[in-house]
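Per TrEMBL, the features are:
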BINDING   Lys46, Gly53, Arg54, Gly55, Glu99, Ser102, Glu107  ATP binding site
BINDING   Asn199, Asp213  Mg(2+) binding site
BINDING   Asn264  substrate binding site
DOMAIN    9-229  domain 'ATP-grasp'
Amino acid sequence: MDIHEYQAKEILAGFGVPVPRGGLAYSPEQAAYRARELGGDAWVVKAQIHSGGRGEAGGVKVCKSEKEVAEFAAGLFGKQLVTRQTGNGGKGVYRIWVEEASDIAQELYLGFVLDRKTERIMVVASSSGGMEIEEIAEEDPESLVRMVVDPAHGLAEYQARELAFRLGLKGDQINQMVKAVRACYRAYRDLDATMVEINPLVITGSGDLVALDAKMSFDTNALYRRPQVEALRDPSQEDSREAMAHDNGLSYVGLDGDIGCIINGAGLAMATMDMIKLSGGEPANFLDIGGGASPERVMTAFRTVLSDPNVSVILVNIFAGINRCDWVARGVVEAYKAEGLTLPVVVRLAGTNVDEGRRIIDESGLPLITAETLAEAAEKAVAARPKRAA
Ligand code: ADP
Ligand code: MG
């Protein structure tokens, strides 16, 4: 789960990372008011969306008057901001962060990720901040410093000090860096983060270290024990289909094809998507309804899949172990009627109570297409697609 820059800054500041003073705004007037509250004569106005690359996309601007702050904010609110990370749809701007402008002498990069090879948290830093880490790796690989943290000891002070030396920091900046790096590590570990990134971490004209940007992602499987993190979730930044599925406890990933899939079990879902492709089709989504799928759950799965306007066929593929085919069949029939479906629905049922399930489908009087095997189901779903005008 991702959070906004201003939220990450607040968290990191709580652990001891220096950040600029700022305030959140939900309207252009409020943005101007934030600037007045902060005082000074230059502010940075920043669109809060779950994406980096906002600067080059026109989502970040240094403003010199309250009027300029309000005007720039007015142009951003409600806009779908497209960055190189968002995809063509962009992400909606509904919150704007106004902060004091810093005087930048140098931009550094500081990131924390999980290194799967060593199964440890790895610190990545560079003296070439401001650009994305991929660009740094390509254009200035020599500047990259990597360090793996031993979980039993945590990020030791000597390690943080060595990192600061290797970045070429001097004097008190070294102490500030040690403090900031260890603070980020603690935030990462204590809150079950999967990523912390400060880009840029700058050295100001007066020689101090300040985090001008901050990004944090969290392990969704650990959210149950981090209610304070889960509270930061912003559904406006998520794929609405995925958010709806999440709210209903379904595992759903939106894709670009037109064959909507309702399947139980992640493995069967993957296999079904492969079969669809093999038969010449494209899946519109991955959806695992999980075990013990009640008719209500099947209905919800239908609604989620149907919220994607690209879907032209639905394929239901259930191998019932814990599940029961009769429940799933009842859900399919109810969903078909309740949603007033006109698009083709292919149903393949196997496993527990399969005979009862098939009977419910057959006796429903609905034009449901049935299949015995996975391969047959995929082929029938591909064949059932409406022919498109060329
Ligand atoms: P993104 O990474 O999404 O483009 P950033 O927060 O990194 O957004 O902002 C882009 C650039 O704007 C930064 O690299 C920095 O040069 C500048 N910037 C951001 N915040 C400030 C600030 N408070 N003072 C001065 N410059 C800033
Ligand atoms: Mg940045």
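Note that Cβ sites are derived from N, Cα and C of the backbone, with glycine treated the same way.
Positions of the features from TrEMBL, shown on the structure.
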| residue | record | contacts (Cβ under 8 Å, 6+ apart) |
| --- | --- | --- |
| Lys46 | ATP binding site | Glu5, Arg54, Gly59, Val60, Ile96, Trp97, Val98, Glu99 |
| Gly53 | ATP binding site | Thr83, Arg84, Gln85, Glu132 |
| Gly55 | ATP binding site | none |
| Ser102 | ATP binding site | Pro20, Val44, Val202, Thr204, Val210, Leu212 |
| Glu107 | ATP binding site | Ser128, Gly129, Gly130, Pro200, Leu201, Val202, Leu212 |
| Asn199 | Mg(2+) binding site | Gly52, Tyr109, Leu110, Gly111, Gly129, Gly130, Glu132, Ile133, Asp213, Lys215 |
| Asn264 | substrate binding site | Asp288, Ile289, Gly290, Gly291, Ala293, Asn317, Ile318, Phe319, Ala320, Asn323, Val328 |
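In this entry, Lys46, Gly53, Arg54, Gly55, Glu99, Ser102, Glu107 make up the residues listed for ATP, with the farthest two CA atoms of the set 19 Å from each other. With respect to ligand 2, the binding-site residues Lys46, Gly53, Arg54, Glu99, Glu107, Asp213 contribute Asp213 as residues with a C-beta closer than 6 angstroms to one of its atoms, given in sequence order. In the three-state DSSP classification, Gly53 (ATP binding site) falls within coil.
Confidence across the domain 'ATP-grasp' (9-229), taken as the mean pLDDT and rounded to a whole number, stands at 96.
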